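Peer 1: Can you keep this structure in mind? I'll have questions shortly.
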Amino acid sequence: MTQSILQSARRIVVKVGSSLVTNEGHGLDRCALGGWAGQISRLRQMGKEVVLVSSGAVAEGMQRLGWKMRPAALYELQAAAAVGQMGLAQAYADCFSEYELQTAQILLTHDDLSSRKRYLNARSTILTLLNLGIIPVINENDTVVSDEIRFGDNDNLAALVANLIEAEVLVILTDQEGLFTGDPRKNTDARLIPEVSVSDPDIEVMAGGAGSSIGRGGMQSKVMAARRAARSGAHTVIASGRAKDVLVRLAGGEAIGTILLADMPVKVARKLWLADHLQVRGSVVLDDGASRALLSGGKSLLPIGVVEIKGEFERGEAISCLDASGREIARGLINYDARESRKIMRRPTSQIEAVLGYVDEYELIHRDNLVIL
């Protein structure tokens, strides 16, 4: 399975973490960057389109600023990112030029993808760059994001980019060999899992743990990224970036690391955008009947099926739909703000006008603006 997937893939997103592009967090490792450029150039020769999601800006900024410890304050991280992003972009441009390839720097925030228009613009830009034979180098725009609107880590960002451009494979390179049955640093009996389905409930337990002090993403974030990428049909490979020529060998069909197979229904474009690219502003708790109607009946969400409103939100913003146990089962764009929603919840649609004095929509969330997770 691994061999056919990697060999047949024509569009790949490659994510390299901080530990693979820096000298243990002390500035960029130019030799490592040159190695990635060389491998990606060989993938291009194989006829594959490659988008690179690279960490390293904050680590490079810390080095240039003389900071030994990763700062906790957001404004200090943003300052380090601003300083380091210049060096990261130039270093990649220099490395890829050795192989007569041009690079393009793309910095994204969650807001860029939460707007349908900007989402499509970002997609068009990246696809145009690929058509021109240019290597897009993508990172989160750490200089301007706040905690509330950040992607979380570059594993998540890479998965969203895979969704955005409909890549067939997401390759997440890390300092670990792949997904194990347990933490190999603590359990000597832990075994590498060569292949697993993203829907396997056991993989979250196996992932456990956190990342290094250099970056933000641990194995658990990589598993969640794989599940997100699977929504657009992309398979994910988690492998060691320390393995010699790992990208070339993967593209040649060699089984390295763990492949997480996408076995989930592929979301259509608008539903995918609703599921992954909107910042959730609140949530509604549904009764059992409403949950069943959404999950099996393909129905819109009506006020009568809502038992609780959580958070504050405006009309048209994205909210989560939770079942009685608190599990998120759907996500959508709500037709009424939080104050209005609280007034009409548990009521039939025939009473909306009497309660509010007007009717904008008879549904709390129309099924066209609703995606099941």
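Using the three backbone atoms N, Cα and C, a Cβ is placed for every residue, glycine included.
Pulled these features from Swiss-Prot for this protein:
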BINDING   Lys15, Thr174, Asp175  ATP binding site
BINDING   Ser55, Asp142, Asn154  substrate binding site
DOMAIN    281-359  domain 'PUA'
Peer 1: Specify the count of other C-beta atoms within 10 Å of the C-beta of Ser55 (substrate binding site).
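Peer 2: Its Cβ has 27 other Cβ atoms within 10 Å.
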Peer 1: Within 10 Å of the Cβ of Thr174 (ATP binding site), how many other Cβ atoms can be counted across all chains shown?
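Peer 2: A 10 Å sphere around the Cβ of Thr174 (ATP binding site) contains 25 other Cβ atoms.
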Peer 1: Taking only the Cα atoms, work out how far Thr174 (ATP binding site) lies from Ser55 (substrate binding site), in Å, as a whole number.
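Peer 2: Answer for this pair: 11 Å between alpha carbons.
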Peer 1: If one measures from the C-alpha of Asp175 (ATP binding site) to the C-alpha of Ser55 (substrate binding site), what distance in angstrom results, rounded to a whole number?
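Peer 2: On Cα coordinates alone, these residues lie 13 Å apart.
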Peer 1: Could you measure between Asn154 (substrate binding site) and Lys15 (ATP binding site) for me? Cα positions, answer in whole angstrom.
Peer 2: 7
Peer 1: Sort the residues of the domain 'PUA' (281-359) into helix, strand and coil with DSSP and give the three counts.
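Peer 2: Here the numbers are 28 helix, 23 strand, 28 coil.
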Peer 1: Among Ser55, Asp142, Asn154, which the record lists as binding substrate, how far apart in Å are the two most distant Cα atoms?
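Peer 2: About 11 Å separates the two most distant Cα atoms.
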Peer 1: Express the predicted model's confidence over the domain 'PUA' (281-359) as a mean pLDDT, rounded to an integer.
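Peer 2: Within the domain 'PUA' (281-359), the model's average pLDDT equals 94.
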